[in-house]
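Chemist: Straight from TrEMBL, here's the annotation block:
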type   : residues : note
REPEAT : 176-210  : repeat 'PPR'
REPEAT : 211-245  : repeat 'PPR'
REPEAT : 246-280  : repeat 'PPR'
REPEAT : 281-315  : repeat 'PPR'
REPEAT : 316-350  : repeat 'PPR'
REPEAT : 351-385  : repeat 'PPR'
REPEAT : 386-420  : repeat 'PPR'
REPEAT : 422-456  : repeat 'PPR'
REPEAT : 457-491  : repeat 'PPR'
DOMAIN : 605-690  : domain 'Smr'
């Protein structure tokens, strides 16, 4: 008896090489056929091979029981168990009384019996005697095709190897590797890699040569067990046994290499997959998105997502969650919103990981209302938050000034019973209270922090100093500064910047108390402040030299904040020349950029990134420039002149720069009026501006 049809393409029993370029290919439908018309003993090997290749079983998932369609395909290629093989074609009228009788004799009935046999073997005790009794009790001779069907439908990893040994001994099959392969599928269903590897060793001892399907099954089992490195090891053994992986196995290895940490190999295989049009499943695409996300290539994540959709591969919830997480890391909340809408429209229900990714994405990007909406949805669904998620929300509230919301979240965190506040929690809470000037709440939070066993960090003490500064409690600022030194903490640039900011809010008669703190924290800054406050007489250029050395000694992230504070201090002390000198220094260092712009239709002053004192100083300089251009040089103004203050307000104040400037421009009797269609812009005509500048010059007005 020849088994050529069964053996000609064994790997096709395990997977279906559908090309990457056509993932929506429809498997040919197999209509139910009589066994008598499905078998042709004279069919060519190539014809048999083509029939076998339509059998589809994913490399990534445990193989389910064959459907009736798959079974009929299997019938077409396996030898007949009875004399009916001699007939190549018999048509029977389905209405004939003989139809049911012939149907019972067909392989449909036998296939159902084999499934019941598999169920009985799964249920019997795992010993040779019981297994033998079940097989013997089947009734009738078992053929090699029957053995394949039976093992393929089993799920018990304890009885399957006993069944295999019994069949090998009693049948003497021509291709033992097929039976070993379907037995390995049983181990894969139960994610038992150890037994698969043990069976592989038994194959070799018996002299059975493994084929591609053998390795594919073990590799997919390793992947399902979450052991990508073992999958890689088995993949790299294939060549030593003369086996060449097909496209489906190679596609699966993209995932395995990616999970095993060999990113270069994973991406190399993916490039090859696109060129050679392999079929790639959603699991592998998920790994590719994770690879790009970890490496910071967030555009790569989106490209993979778009390629999936173009190929018709439906994303699963894991993919959506990884995309959301990547967009959170990239601080692209608008793209997270789009992906979340896709998730919902495709019928998925968000899980905990989905909500967590959204909280992180919106929280990091300071999308306050969106983050809080997700937080409240999680609470409605009784989903617990981790410390990290609570802290992300609190940190966001601290940055955007959501004081009441921060208190609500903190109380919920304390009452949830699943996590306790940590140092980061208290830091964010103290920052919220400090920036809003709630001294008693900030002090209470500091006490709670210490009671919880956390010593305040420099960041926390910086916030406390800021809080005392807002409340004009200068002595408490000095006391807290001394605590910093007592704790052995070295003040950094941000801490010193906070001290400088406090000085801009301190009454002139008390500034002296803070100069000593600034000198101890940063001597160069102390020197510059003393020159401003104590009206030291110095040679021309000395102050600029000292200020330049200060700028060179601080980090780029605090340069603008330092200069803003120094200019504010000058304005408070009514030292406009020094303020202009510092502004000019900021322009020379490119710390202030784009303050003025000119076009054929409008000249503008841009103040959005400046403090109030720096903005007033920039306005003074601009007015002088306009006076010189129009009144001294005779330069023609464009039709419009504008001042752009921005339309936002300070996160911890109801007032923004626009509101303050509107009042100030009225005091100056300046002809600038807020534009009704451009929020944050104050406009005037060239005629009105020139008339106002002339009146100022005639009256000797110079101050702004």
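One is the number of the first residue shown, and numbering goes on along the chain from there.
Quick reminder: no glycine exception, Cβ is built from N, Cα and C everywhere.
Predicted automatically and left uncurated, TrEMBL annotations should be read as such.
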Chemist: With a Cβ cut-off under 8 Å, give me the same-chain residues at least six positions beyond the ends of the repeat 'PPR' (351-385) that come close to it.
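Modeler: Residues 317, 320-321, 324-325, 327-329, 331-333, 336-337, 340, 343, 392-393, 395-397, 399-400, 402, 405, 409, 412-413, 416, 418-419 contact the repeat 'PPR' (351-385) from elsewhere in the chain.
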Chemist: Which residues of the chain, 6 or more past the ends of the repeat 'PPR' (422-456), have a CB below 8 A from one of its CBs?
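Modeler: Distal contacts: 387, 390-391, 394-395, 397-398, 401-403, 406-407, 410, 413, 463-464, 466-468, 470-471, 473, 487, 651-652.
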Chemist: Summarise the model confidence on the repeat 'PPR' (457-491) as a single mean pLDDT, whole number.
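Modeler: Summarising the repeat 'PPR' (457-491) by its mean pLDDT gives 93.
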